[in-house]
Structures are given as C-alpha cells and as structure tokens.
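Features as listed in Swiss-Prot:
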type	residues	note
DOMAIN	2-101	domain 'FAD-binding FR-type'
BINDING	Cys217, Cys222, Cys225, Cys238	[2Fe-2S] cluster binding site
Amino acid sequence: MLAELNAEVLENTYISGNLYRLTLRIPDKILKQIEPGHFAMIKPSDTYDPMGRRAFAVADIEEHKAVFYYDVYGKGTYLLSKRKPGERLKTFLPLGKRLFSYEGDKHLLIGGGVGLAGLTLLAKKLRDMGKKVFIAYGGRSREHLGMVEWLEKEEFPYELFTNDGSAGRKGFVTEILKEFSTDWVVHACGPKPMLKTIKEMKTGHKVYFSLEERMACGWGVCLGCVVKTRDGKFKRVCYEGPVMPMEEVIL
C-alpha cells in the first residue's frame, strides 16, 4: 500500500564528496512493506521551486526509520541538504513494481558512487536468506566512496575501486566482473556509463540493473523516466522497474 507522509527528518548528515545521509521517521506498518529495490519520492522543500519530488532508493530500514543516501548535484538536492532534524518532508513510498530477483546462491553487487545505496537493502536481504554476497564499490576518488562506513559496519566482504587510485584498486569497478565465474548473479546500480560498460563486456553473467532516471511522478503517469527496450518499445523505470534484466534494456 502506497503512503503519502509528512515524514519527520531524524538525521541529514554530510558524509563526504557530494554525499549526504537522510534518515526519516516512517511508521512501522509502512516499513514492513518495503523490499529491496523500492524507492521513495521526496519533496526537498515546502515551496514550488522546485515543484517536483526527487527519487531516492530506500538504502536501509531500522526501527521506525528509513535511510536514504543522496548526492547534491542540483537545486533540489541542495535544498534537501539544508533540511534540519525535526522538519518534515512530503514523502511518497514504497514505489517501484519490478524488484530484485533472489535466484542463485552467489551474488555480486556492483555499486558506482551513490548507486551503492540502491543495493544495500538487497545485500542484507540476501545475507538473511543465507546467500553468499560480495560487494564491489567504485568512485572517482576516495572522497566519492562515502558509504565505506556502511560496508564496514555491516561486515560484508567488499573491494574498492577508484579512478585515480586514491583508495582501493585503481581502475573502474566494472573490472571486478572478470574475476567472478558466471554462476554469480550480478546486480548493478550506478551511472549509466558504468551499466553500459557491464553490458558491453558480455561476460555471460546473469545481470540485473537497478536503473536511475529522473522522475517527476514516480508511479508511471508522466512518462519522464522511460528507457528503450530490445523489442523497440519503452518501459517506465518507476513502474516497470526500477530493476530490469540487463538483456532487456538498451542504454
């Protein structure tokens, strides 16, 4: 059941680079409905400038709380970064129809930048199911790997990649694919060039993309988040996604 809330801000903390962590108070009856892949549409300010909401993956769930990570890259997220604990944000969740597959016993999660936030709830779910999980996390530099603290707290096996070599291995996070056999199911979330590279590598893995597109509504009405599919049609990321098999989409 979708819910529209005036959710209380519990935390809105700068992490590093452009990354912030936002924690909202959410009723437990709503939290119980949230599955990996679900997202929320959050209005960053109480004004009409900007008018629209912004889409954020639900990165973690705690008692009475939902956690989100976001990069500040425009007016909306800048205004969001200024919101203080105790203030309230118009929040619509849980959104997303097509969610992650749990098939297979071994799962490689590839997160690029803030895209890792789209995979963290999945990682915990798979672990709870007794699945083997490995996380590869990449960014431009050390300061763009702000979710390392989460990885360490949750004690997942992981490897870091940075373009400039300032943390972890120097290179692109997609290189990790060459080191895992094809019986590992791959889940990836991050910038479109990263996803495109994974698709072009043709490693033979079963791959699922959690897609990130700009959204105005979040429930399939505005058609602002469509992606082209191999059958020549278009699918709405918010409604026929956000998770789609790699072979379905054209990037």
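From the backbone N, Cα and C atoms, a Cβ is placed for every residue, glycine too.
Keep in mind it's a predicted model, so treat the numbers as computed, not measured.
On the structure: features taken from Swiss-Prot.
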residue	record	DSSP (3 states)
Cys217	[2Fe-2S] cluster binding site	coil
Cys222	[2Fe-2S] cluster binding site	coil
Cys238	[2Fe-2S] cluster binding site	coil
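When Cβ neighbours within 10 Å are tallied across all protein chains shown, the highest count among the binding-site residues Cys217, Cys222, Cys225, Cys238 belongs to Cys238. Across the range of the domain 'FAD-binding FR-type' (2-101), the DSSP-based residue counts are 11 helix, 48 strand, 41 coil.
Mean pLDDT across the domain 'FAD-binding FR-type' (2-101) comes to 95 in this model.
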